[in-house]
Amino acid sequence: MVSMTASSGRRVLLAAPRGYCAGVDRAVIAVEKALEQYGAPIYVRHEIVHNKYVVQTLERKGAIFVERTAEVPEGAIVMFSAHGVAPVVHEEAARGKLATIDATCPLVTKVHKEAVRFANEDFDILLIGHEGHEEVIGTSGEAPEHITLVDGPGDVAKVEVRDPSKVVWLSQTTLSVDETMETVDALKEKFPQLISPPSDDICYATQNRQLAVKQMGEEADLVIVVGSRNSSNSVRLVEVAKLAGARDAYLVDFADEIDEAWLEGVSTVGVTSGASVPEILVEQVLEWLSQRGFEDVEIVKAAEESITFSLPKELRRDLRAEAAALVEQRTGNGPSAE
């Protein structure tokens, strides 16, 4: 075990901003409000956000997370996660007589609308993102015949388009800014007339958290990122920290996952968290470090954030009654249309 004292000059650099973004905050509150208004169970298609603690907490309150719409009983309420879903999922829910709440992050919805717009104009769309990620699946589903996935610079060589003068790039919102631009540069070299999206697709929170980590990584020997392994933006923070100069960087869900061996020879620890991580988990990491002599905490502030999103409009309706009416229509027990 590493021997430490409070006077050893050890310090913590705490990133700001960190943790919940506006889209995650909106989605989590939406589940809590739905449970409060309609009672359990509330079904959620896929994890509402990619964080183990958040999902487990909501499960205890009565949320049931499913991977397929077919797993939701007829007449139930189902919420779509912050990552967004393809149009076919909305169609499945309608066929299943489900009342739906769409908690898709508005910034993801923006990318969906861009995909539809460019598809309607018959562009080839090069979607920069990670294969299999829920957000990529949802966006691709908006225009599957027009979208080609580009999973990093290594994919560029094999990309083919119908007309090099009608090609546009879009991106997953949670990517590394630097890697995305590296991919874009490679695409522009191959397709000089490549069009950029009308506004930046990588979300403000992803960019701000990466900027703070870059500043931190210049001074930190070790960076601890609080986040789950299936969280794209959290994984990217580990990568950014290493590229910024940190000797080591690790991803943990909880403080008890930290290995004391990581602290050998370390005087400065950087701490941040992904956009789907509640602050309580960061506080537990800070307490863990404090108990081992890292009591001096300095804030590394990269940006101010004040963005908020309104809750899904469906939470202003009586969804239980709507779901029951849908089932009655199917069984023929509902009121006559005559």
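Glycine too: its Cβ is placed from the backbone N, Cα and C atoms.
As recorded in Swiss-Prot:
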- GLU135: active site, proton donor (ACT_SITE)
- CYS21, CYS105, CYS203: [4Fe-4S] cluster binding site (BINDING)
- HIS50, HIS83, HIS133, THR173, SER231, SER232, ASN233, SER276: (2E)-4-hydroxy-3-methylbut-2-enyl diphosphate binding site (BINDING)
- HIS50, HIS83, HIS133, SER231, SER232, ASN233, SER276: dimethylallyl diphosphate binding site (BINDING)
- HIS50, HIS83, HIS133, SER231, SER232, ASN233, SER276: isopentenyl diphosphate binding site (BINDING)
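Overlay of Swiss-Prot annotations on the structure.
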residue: CYS21; record: [4Fe-4S] cluster binding site; DSSP class: coil
residue: HIS50; record: (2E)-4-hydroxy-3-methylbut-2-enyl diphosphate binding site; DSSP class: coil
residue: HIS83; record: (2E)-4-hydroxy-3-methylbut-2-enyl diphosphate binding site; DSSP class: coil
residue: CYS105; record: [4Fe-4S] cluster binding site; DSSP class: coil
residue: HIS133; record: (2E)-4-hydroxy-3-methylbut-2-enyl diphosphate binding site; DSSP class: coil
residue: THR173; record: (2E)-4-hydroxy-3-methylbut-2-enyl diphosphate binding site; DSSP class: coil
residue: CYS203; record: [4Fe-4S] cluster binding site; DSSP class: coil
residue: SER231; record: (2E)-4-hydroxy-3-methylbut-2-enyl diphosphate binding site; DSSP class: coil
residue: SER276; record: (2E)-4-hydroxy-3-methylbut-2-enyl diphosphate binding site; DSSP class: coil
> Cα-Cα separation of THR173 ((2E)-4-hydroxy-3-methylbut-2-enyl diphosphate binding site) and CYS105 ([4Fe-4S] cluster binding site), in Å?
Replying inline: 10
> Looking at Cβ-Cβ distances, which residues of the chain lie under 8 angstroms from CYS21 ([4Fe-4S] cluster binding site) while being 6 or more apart from it?
Replying inline: CYS203, TYR204, ALA205, THR206, ALA275, SER276, GLU305
> So which of the recorded positions is most packed in, judged by how many other Cβ atoms lie within 10 Å of its Cβ, out of GLU135, SER231, SER232, SER276?
Replying inline: SER276
>> Excluding near sequence neighbours, so keeping only residues 6 or more apart in the same chain, what lies with its CB under 8 A of CYS105 ([4Fe-4S] cluster binding site)?
In response: GLY23, VAL24, ARG26, ALA27, ALA82, HIS83, GLY84, THR173, CYS203, PHE309
> Within 10 Å of the Cβ of ASN233 ((2E)-4-hydroxy-3-methylbut-2-enyl diphosphate binding site), how many other Cβ atoms are there?
Replying inline: 27
>> Neighbours of the [4Fe-4S] cluster site CYS21, CYS105, CYS203: Cβ within 8 Å of the Cβ centroid, same chain, sequence order.
In response: ALA22, GLY23, VAL24, ALA82, LEU107, VAL108, THR173, THR174, TYR204, ALA205, THR206, ALA275
> Are there residues of the same chain, six or more positions away from HIS133 ((2E)-4-hydroxy-3-methylbut-2-enyl diphosphate binding site), whose CB falls under 8 angstroms from its CB, and which are they?
Replying inline: HIS83, GLN172, SER232
>> Return the count of C-beta atoms lying within 10 angstroms of the C-beta of HIS83 ((2E)-4-hydroxy-3-methylbut-2-enyl diphosphate binding site), excluding that atom itself.
In response: 28
> Within 10 Å of the Cβ of HIS50 ((2E)-4-hydroxy-3-methylbut-2-enyl diphosphate binding site), how many other Cβ atoms can be counted across all chains shown?
Replying inline: 28
> Which whole number of Å gives the largest C-alpha distance between any two of HIS50, HIS83, HIS133, THR173, SER231, SER232, ASN233, SER276, the residues noted as binding (2E)-4-hydroxy-3-methylbut-2-enyl diphosphate?
Replying inline: 15
> For the binding-site residues listed here (THR173, CYS203), which one has the lowest count of neighbouring CB atoms within 10 Å of its own CB?
Replying inline: CYS203
> Between ASN233 ((2E)-4-hydroxy-3-methylbut-2-enyl diphosphate binding site) and GLU135 (active site, proton donor), what C-alpha distance do you get in Å?
Replying inline: 12
>> Please report the Cα separation of the residue listed as 'active site, proton donor' and HIS50 ((2E)-4-hydroxy-3-methylbut-2-enyl diphosphate binding site) in Å, rounded to an integer.
In response: 11
> Which residues, same chain and not among HIS50, HIS83, HIS133, SER231, SER232, ASN233, SER276, have a CB within 8 angstroms of the centroid of the CB atoms at the recorded isopentenyl diphosphate site?
Replying inline: VAL49, GLU134, GLU135, THR174, ASN230, SER234, GLY274, ALA275
